[in-house]
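*Asks:* Sequence annotations record features per position, and here TrEMBL assigns domain 'Galactose-1-phosphate uridyl transferase N-terminal' to 38-206. If you look up TrEMBL, you'll see 58-61, A91, 107-108, N183, 189-191, Q198, 344-345, 349-350, Q356 marked as UDP-alpha-D-glucose binding site. The active site, tele-UMP-histidine intermediate annotation in TrEMBL covers H196. According to TrEMBL, the feature Fe cation binding site maps to E212, H311, H329, H331. Marked as domain 'Galactose-1-phosphate uridyl transferase C-terminal' by TrEMBL: 213-378.
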Amino acid sequence: MPRPQPSERAVTAGRLGRAGTRSRALPLLGKLPSLPREHQHIRYNPLQDEWVLVSAHRMKRPWQGQVEPPLLMTVPRHDPHNPLCPGATRANGEVNPYYDGTFLFDNDFPALQPDAPSPGPSDHPLFQAEAARGVCKVMCFHPWSDVTLPLMSVPEIRTVVDAWASVTEELGARYPWVQIFENKGAMMGCSNPHPHCQVWASSFLPDIAQREERSQRAYQSQHGEPLLMEYGRQELLRKERLVLTSEHWLVLVPFWAVWPFQTLLLPRRHVRRLPELTSAERDDLASIMKKLLTKYDNLFETSFPYSMGWHGAPTGSEAEANWDHWQLHAHYYPPLLRSATIRKFMVGYEMLAQAQRDLTPEQAAERLRMLPEVHYRLGQQKDRETATIS
């Protein structure tokens, strides 16, 4: 049976109040069938060319599966034995400086190295291997181990944004792909609670980057503008999946979201890479990131785990080619589904058939949208202070 294709119904967007520009009539989202939201259906992801099964009624089933252990309530601000702390000695014997902002260094256990040998020619088309070279770095966000991005100040987060842009420019001069990503929380494989991310630069374009490249190039060729620019305009008009908006940025739960509270962070202006962001856009990015991550923590009143990463146009020797079909964006993939201790497992059907989610993106967006932008820990701290005074 042929795979269903995205709806060909063109949607006329009308006029955007902020930018005053007309959107084209494009078959990007179409309209959902007039079914109750809890009825299962599949949705298409035009950015990564894949489908997701939406089965919102499954949230009604009782949970008897794995329950994650509660998070440690306290993390020491400074641990001299923690290799990410200022002044600590790392595995290779190097001693960290007493940094007071961000700190970037070479990963002591890199997955990619710049001088790896080539595997040589293949003797059969079913057994292909190619050279993989690159560098892996670690970036600490803050000198304290007991803070995370939502607990940092906006100026401190802006420093992280500047460091991301700088390392993208530095490594992008040599490599075609620079992947910035943060794994937050033990649930996402993070082995160290100190606030940090990783940066891997590779001599090749990874699989997901290749899919996004093909999809964005094809959409631009067919419709005359970047896929994610039109998608952002459509979501602004529809509103039901928006979580946050600001002068320069949008945060939304994608129509095709896979993870329960997955979000997509988009600039309003056409921007291909992080270094191209203006000072005002960087300030605004720091602010909206703090708001989003605060909402995440407030959802289940826990330090919300996630994997996130930035995708921008390829770099390296082809950086000056025409990449106007690309739009900079960040993906946030958090695993928690029902509570701070019950997560979504991507197993079975998800591994062998296709992605499946247990609540609609619209439901997830509404829950996030309604959450306060003041961190729950600050509220608890004020309550304790009030109780002490009384």
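Backbone N, Cα and C atoms are what each Cβ position is placed from, and that goes for glycine too.
Explain the structural surroundings of these features, please.
*Replies:* In the predicted model, the domain 'Galactose-1-phosphate uridyl transferase N-terminal' (38-206) has a mean pLDDT of 90.
All protein chains included, D108 (UDP-alpha-D-glucose binding site) registers 13 other Cβ atoms within 10 Å of its own Cβ.
The Cβ neighbour count for H196 (active site, tele-UMP-histidine intermediate), using a 10 Å radius over every protein chain in view, is 20.
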*Asks:* Within 8 Å of the centroid of the Cβ atoms of E212, H311, H329, H331, which other residues of that chain place their own Cβ, given that this set defines the recorded Fe cation site?
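*Replies:* The surrounding set, listed in chain order, is L47, I208, L264, G309, W310, G312, A330.
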*Asks:* If I take the Cα of C190 (UDP-alpha-D-glucose binding site) as reference, which of the recorded positions H196, E212, H311, H329 has the closest Cα?
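*Replies:* That would be H196, the closest of H196, E212, H311, H329 to C190 (UDP-alpha-D-glucose binding site).
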*Asks:* For the binding-site residues listed here (E212, E350), tell me which residue's CB has the most neighbouring CB atoms inside 10 Å.
*Replies:* E212
*Asks:* Name, in the order they occur in the sequence, the residues of the same chain whose CB lies under 8 A from the CB of K344 (UDP-alpha-D-glucose binding site) and which sit 6 or more residues away.
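*Replies:* Listed in sequence order: W259, P260, P335, L336, L337, R357, D358.
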